[in-house]
């Protein structure tokens, strides 16, 4: 795919572009990226645009298109994929990725006029999810320049160490690599939720079945016995047994509705809320150092924690602390870092005084080393030792940050690079600053600047990194570091490696991460010819990596071995013990990491996931689909079915597979073979995997194993995996908060996972099961009482137990449970229990002593008032400020009516007798006449012999009311 862009001439070819076609872009877009973060979209965000008149104007983010030039500032997020036109450093997570602008475009600076007049063409690859790869070219004035991952700034990154940056938008929206790797948000439900839904459906069917039985019984009873009770229970016209059965069916639906768990879901959510609070309040899951408690970010998955079968874990920052320390090194056949006494016996470093680096004013005060012989060798001017640390100070992609004079802060692409550069800094070779073309060092107190000519970067196939520099004296040197097996293949025959190999084996046995270091002096003519071939290969779009690897192989040969380094990636506290306990619970752990294969294997051994006593460890590292298929077929295979069953194998096995092979293994025609092989292994480690591949592995297990999965990680690259798994756990560490924000549960250390699953998960599951059993037992018991009573009341849909009884039972169990709880609590902490079990109850009368204190009751009273007062005040204010119609009606009724108007009485001179007034003509005649009374009912003879009564005639009785007649004057 080819995409062409022009600014003031940048245009898009409609047939190839992923964006709406536009004839031209003749404006400069200046975008403050903080308005649009990866996890939060602000629809009203605006940007500044530079029109043809070179005036800035405001524009919305939705109008940003491919071909616009964006401006970003320090510490701001990147929201699109851009080609860097100015030098910058990009910070993604906590590991810095070095991004360099082309020298040709870097001269544009922040000159608006030059940027507006810029004219060029970009050809690049189509949108994909490969975060570690980008292929493209930029053509300016007939010259073609290579664009790779170092020239691209991806969405989701943050700028560091630069005040501003200009870049050309090449992808946006769903075409960015971050969005290509993003997973769908899945509504997570527990197996108990699904079971309850099925049970409720069956309960409705069961209710209909019971009501049908009772209605049939009513029809039979009415047909056989109903005529005998017509005298007492007269029927309406047209009523028969069929109509009675129909009405009885719906009457029993109302009576027996208690079998339907109407309040079940509310009760379950309340129980889950309580379980979530238990997780939040667990002091044993609180990390004191970072002041981070455990947090249940959802209340619907607590009981699912007790059914976990597979755990998918990230490595860096999850299993490890992501903190590297320089531990050992081998230089010119001599090992440094291990302290021995005069007898040659190894001495613990805690018993030896640390090396004093006060002679180096730029040394890192946090760096710790105990072997004094290495410092003496550096000070004595040993050429091999100084060349060793010079290589560490030059061959890297670390970026320095010097906020104040002499205070350096290294921001490294990986922690092990930072550890190596820090070691060189303390031993006198201080990496001070860098530009795209130079590297500045301070060698033993003397400032030195090297010209950087080429960087042969690391990748998973090369497993090494090299730089070509020119010293101030004009000498050309290639410095290389990488895996020992790769470096050894490229050594000069005269270079000795026997002793260094022994040291490397010793370091690897201690679980350290090792690198071999070598160098080579270059000829000027040879380098110029190689540089031309390198430029030609770097500007091709197709098969660029393969061509560059071939060019790199030409110059990385006949190297001279300098030595080896060993750094320690410290595991988090309790990781091996946690993995051991989870394995005992028959929980399998798969490690999905983006690190190198060697690093992942070393951590696997450190965590006791990979062990020497394992029968075999399979390594799948093929480069083609057919090779991957053959390697999987040669491993253990089970029965071929869509659901992969757990099979027992003879011995323990491990599986290590890299991301390139995993991409082929996840194809539809091969993924079941991968899953069968992986499930028969005790440990599975996937290295060099992309975020999308992590999610695909989790989805593969979810779909075919029918098991509950859990994913745990600490970085943004783990978000897709966390969302895909049944339960996602985020670790709030050094990798930011994106994993935590996407997770269901979060805490600070991996070791807390043991307590989350084996304690809270198990207890939550048991509580939920016991509650459901009691809930259904209670409902069915009450319902079957009415069902059985229907056989004794003629199926007349009468209540066997009154509603008051049911209410009384609920109240009894509610308050009875609380009473029993407090009674048991007071008993457990009473004086008597203390005297009986002194060792188990060290505190005497805790509950009684607490409740005897007035301040306890005052606290309870004030807490109750403070909880009620805001609600009452809120309701009062709402009634006064925003009354509803009902409130207005109530207020109108509350207003008393106006008092009746009083008129003054006329005063009469002649006084009337009170007695005469009270005996005025009244209602005596009406009372004595009896005309206001009803006509009395006629006396009725015997019931059955006579049929002249209204009851016998089945006719309703009527009454006539006698009204008072008008009295004649």
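All residue numbers here begin at 1 and follow the chain in the order shown.
Each residue, glycine too, has its Cβ placed from N, Cα and C.
These numbers come from a predicted model, not from an experiment.
Among the ranges 752-774, 775-797, 798-820, the stretch that TrEMBL annotates as transmembrane segment is 775-797. Looking up the ranges 126-149, 150-173, 174-197, 198-221 in TrEMBL, the one annotated as transmembrane segment turns out to be 198-221. Here TrEMBL gives transmembrane segment for one range in the set 838-855, 856-873, 874-891, 892-909: that range is 856-873. Looking at 85-110, 241-266, 267-292, the range annotated in TrEMBL as transmembrane segment turns out to be 241-266.
Beyond its flanks by at least six residues, the transmembrane segment (198-221) meets 241-242, 244-246, 248-250, 252-253, 256-257, 259-261, 264, 776, 783, 787, 790-791, 794-797 of its own chain at Cβ-Cβ distances under 8 Å. Counting only same-chain residues at least 6 apart in sequence, those with a Cβ under 8 Å from the Cβ of residue 314 (active site, 4-aspartylphosphate intermediate) are 591, 592, 593, 712, 713, 714, 715, 717, 718, 721.
Taking the Cβ of residue 688 (ATP binding site) as centre and 10 Å as the limit, one finds 22 other Cβ atoms among all the protein chains shown. Helix, strand and coil counts from DSSP across the domain 'P-type ATPase C-terminal' (740-798) read 40 helix, 3 strand, 16 coil. Listed in sequence order, 322, 415, 593, 594, 595, 715 are the same-chain residues six or more apart from residue 316 (ATP binding site) with CB atoms under 8 A from its CB.
The Cβ of residue 458 (ATP binding site) has 19 other Cβ atoms within 10 Å, all protein chains considered.
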